[in-house]
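Per Swiss-Prot, the feature Zn(2+) binding site maps to Cys13, Cys16, Cys35, Cys38; the stated evidence is sequence analysis. Swiss-Prot lists Pro122, Thr123, Gly124, Cys125, Gly126, Lys127, Thr128, Tyr129 with the feature ATP binding site. What Swiss-Prot records for 1-54 is domain 'ClpX-type ZB'.
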Amino acid sequence: MARIGDGGDLLKCSFCGKSQKQVKKLIAGPGVYICDECIDLCNEIIEEELADADDVKLDELPKPVEIREFLEGYVIGQDTAKRTLAVAVYNHYKRIQAGEKSHDSRCEAVELTKSNILMLGPTGCGKTYLAQTLAKMLNVPFAIADATALTEAGYVGEDVENILLKLIQAADYDVKRAETGIIYIDEVDKIARKSENPSITRDVSGEGVQQALLKILEGTQASVPPQGGRKHPHQEFIQIDTTNVLFIVAGAFAGLEKIIYERVGKRGLGFGAEVRSKAEIDTTDHFAEVMPEDLIKFGLIPEFIGRLPVVASVTNLDKESLVKILSEPKNALVKQYTRLFEMDGVELEFTDDALEAIADQAIHRGTGARGLRAIMEEVLLPVMYDIPSRDDVAKVVVTKETVQDNVLPTIVPRKPSRSERRDKSA
């Protein structure tokens, strides 16, 4: 045991040798002592090693095929969007590695620029989930922002720098790590210019926000208020370089298909309209033929579109895809609710026609995959309320009638054990 002095009553740190009078705190272990200063030093070393381990390394970065296969385990359908995202993300992190490792003049002569991503598609088709799954696989900081809350600087609402604050918070305020993260900006179609022609009045939540986003999308040294909110001159700012931040912006872009139809020679309205059934319209990829001029006509400014060179479109989910979403992914809803019932000692079963009926309702409501959970909650609410208070239920079976006609799920009673039968007969 480490002691100082003739009396042997003055303890000292076993690592740095400082006495208990020279440090704030001395913690005892079996035969050893450690001071608060050595503990702080150990924490710093561990944090540095963890930060180094979390960095995305090129030799460890999954190839586009592997990225797509990983997405397949969580997201059903949207094959074109998966391929586009896989290639774009792989190239983005290759570009970061090339910037860090290029030292000879030949490599430095070629500067690889950033390719941000624009995702188009109806609500509930997996745009946000695709981006979240990507970030999970790559182990990089990931932040989601809502474009509808943003306004031009000086007006009521959020500044665009608050988006960067969310990314810094996701990286535990490690700015270096945040500078290689991913930011997903949703509802970007809601900041479209209110009219195709420039207006005399300021459009502070539309074109003004697009203008404010230009610099951070392209790459700039931004000053971010550490507590969020508006900037004021008496506060410290966090400096972050957005050059290597990958931006994925997404929106439903309702009405864009009519603009595309007009351009390619198909009339969307009137006597010359091409007549198609609703089923055909729902399963058609409206945005496969989108061009920059369509987005400009919709209300995005040319400078904004130019900073989003990669376009990935997602399609409406058909009935077959929704049924697969319910049961096949690793965290499918059926598996989630089955696990919830297992915790109460009850087995849960969905018939095939019940899953099809749930998919039909989601299509009818127009909510896509996002509406599946709401339907499941409605169907299972009565039994989820009663079952925890009962010990005579072995199994719950959800049928087509349960979904369509609000009939209670079939409850299979549990057979009493031998001891329970003996007690009952006694």
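Every residue gets a Cβ built from N, Cα and C, even glycine.
Features per Swiss-Prot, on structure.
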| residue | record | contacts (Cβ under 8 Å, 6+ apart) |
| --- | --- | --- |
| Cys16 | Zn(2+) binding site | Cys35, Glu37, Cys38 |
| Pro122 | ATP binding site | Ala252, Ala254, Val314, Thr315, Asn316, Gly368 |
| Thr123 | ATP binding site | Ala252, Thr367, Gly368, Arg370 |
| Gly124 | ATP binding site | Leu317, Ala362, Thr367, Gly368, Ala369, Arg370, Gly371 |
| Cys125 | ATP binding site | Gln78, Val314, Thr315, Asn316, Leu317, Gly368, Ala369 |
| Gly126 | ATP binding site | Val75, Ile76, Gly77, Gln78, Ala81, Val314, Leu317, Ala369 |
| Lys127 | ATP binding site | Met119, Gly121, Asp186, Ala250, Val314 |
| Tyr129 | ATP binding site | Tyr74, Val75 |
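Annotated pair Cys13 (Zn(2+) binding site) and Thr128 (ATP binding site), C-alpha to C-alpha distance, rounded: 52 Å. In the predicted structure, the domain 'ClpX-type ZB' (1-54) carries a mean pLDDT of 78. Summary: among the binding-site residues (Cys35, Cys38), the fewest other C-beta atoms within 10 A of the C-beta are counted at Cys38. A Cβ within 8 Å of the Cβ centre of Pro122, Thr123, Gly124, Cys125, Gly126, Lys127, Thr128, Tyr129, the residues given for ATP, is found for these other residues of the same chain: Gly121, Val314, Gly368, Ala369, Arg370.
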